[in-house]
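As given in TrEMBL:
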{"type": "DOMAIN", "residues": "13-260", "note": "domain 'Nodulin-like'"}
{"type": "TRANSMEM", "residues": "78-97", "note": "transmembrane segment"}
{"type": "TRANSMEM", "residues": "109-131", "note": "transmembrane segment"}
{"type": "TRANSMEM", "residues": "143-162", "note": "transmembrane segment"}
{"type": "TRANSMEM", "residues": "174-196", "note": "transmembrane segment"}
{"type": "TRANSMEM", "residues": "208-227", "note": "transmembrane segment"}
{"type": "TRANSMEM", "residues": "239-260", "note": "transmembrane segment"}
{"type": "DOMAIN", "residues": "346-546", "note": "domain 'NFD4 C-terminal'"}
{"type": "TRANSMEM", "residues": "349-371", "note": "transmembrane segment"}
{"type": "TRANSMEM", "residues": "383-404", "note": "transmembrane segment"}
{"type": "TRANSMEM", "residues": "416-437", "note": "transmembrane segment"}
{"type": "TRANSMEM", "residues": "443-462", "note": "transmembrane segment"}
{"type": "TRANSMEM", "residues": "474-499", "note": "transmembrane segment"}
{"type": "TRANSMEM", "residues": "519-540", "note": "transmembrane segment"}
């Protein structure tokens, strides 16, 4: 195991969070698929089912993150980000070579593989910054997850602005930008995304810092949405266009105001918790602590599980070498640190997985087919639909993180309550899509964006609270497998098949009219109905766990030895 430097001080976590904003924007490159999917279909001559399968490749790459999850516990964040940059360069580079016809048309299977590789960069980017910042801000998991996933959600609108204003709506230029520009951004941010001494949350200014960051992200979301729609409706001069881009960059850099303010006006109170038995400058992960301390919630959960452990025998396990290790030979309980193999046998793990799979799989089906849905209903310009989805996706991610954090602390209400409500709203949304009433497409797209963002954002803190932070990277990325599996079943097989069948009835390769996706929407409404039932069951099962975790109005601070690797 390598020696990982732990950066001390109160500013580094905030510098890392500001750098993570740029990495999360890079990690949202998979949302660009609707911007170039039509070009794939026209230039390469693919059918809609083939395009839908390429969308599945995009989702598989984006969400298969078991390797990044394992890597986060072995290598420093910069190494994980470097791997993501390499995948992004080669994956999108190969797609660009094909679409630009620089080389002969690639076989379908090779283009499929290239998109898997390209989108897999998202898993490396996102895992590196999410795991690192969750550990740097362990007492504000919901808020941090909402902020980071919010920026990933609004990335689609940012890319839409770049696509419309800078790249002149050229899919070829967009692919080249993703192949070259995104790796450069992540290489520049590598140094700043690092493991730091965890923030304690005791500094009164910390809440204000989070509010500032959230406000800046909201203003960014509103700004990029407005200029994206404006640039689509009004012709802008080059000078005005580039001024608008510069303003957008300033918004993206706004989180740096916090560490700058902390430098100019240092707080007298201590805002960090020095790790136990750890040198402030470096951690040798090969050392074994004399005693393995309780995990993130062991103290609060002790009484809760007292009766369950009456028959458990406590055994000693002596380690040869420096010190001895004392630990209970028993399986961890909900709220403690789980390994992936230990989480596998928990019903709550699979309930959470299926709740995520049903909701996110239904949402990504619409996202992957957004261009074709718009065309079939008479909306040829996909950029406005994608911008709407992106803005409300961002709102769902940021809002759900803040709202769930408030209620879990004040009322000990499990975050899965909001997942259940979201699934119910998705049922209504898909029925709205299926109705195809004039003027409802944009409203339904906005509603779906909110729901998609909520489910995605709430998964992060929920998984960490139930199964701990120690192996969070790999557990979280296993949960994300629900996205590509859902995309394969609901988008690649269901939506693609229904669309091509309706197009064949019309004697064309393109389908027009509400029937193109109506059956798909009705089935997805039923899928989300099942998701709401499972969400309620999961909420009932974990309610007592949340009452113990947040009984004091805040989360029990994990021991540093459990969260720093």
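In case you wondered, yes, glycine gets a Cβ from its N, Cα and C as well.
Note that TrEMBL annotation is computational and uncurated.
At the 8 Å Cβ cutoff, the transmembrane segment (239-260) and the transmembrane segment (349-371) share fewer than 3 close pairs (sequence separation 6 or more) and do not count as touching. Recorded stretches compared: 109-131, 174-196, 443-462, 519-540; the one with the most Cβ pairs under 8 Å to the transmembrane segment (383-404) is 443-462. Counting Cβ pairs closer than 8 Å to the transmembrane segment (416-437), the top stretch among 109-131, 474-499, 519-540 is 519-540.
Summarising model confidence by region, the domain 'Nodulin-like' (13-260) averages a pLDDT of 86. Counting C-beta pairs under 8 angstroms (sequence separation of 6 or more), the transmembrane segment (474-499) reaches the transmembrane segment (109-131) with 3 or more such pairs. Simply put, out of 78-97, 143-162, 174-196, 349-371, 143-162 has the most Cβ pairs sitting under 8 Å from the transmembrane segment (208-227).
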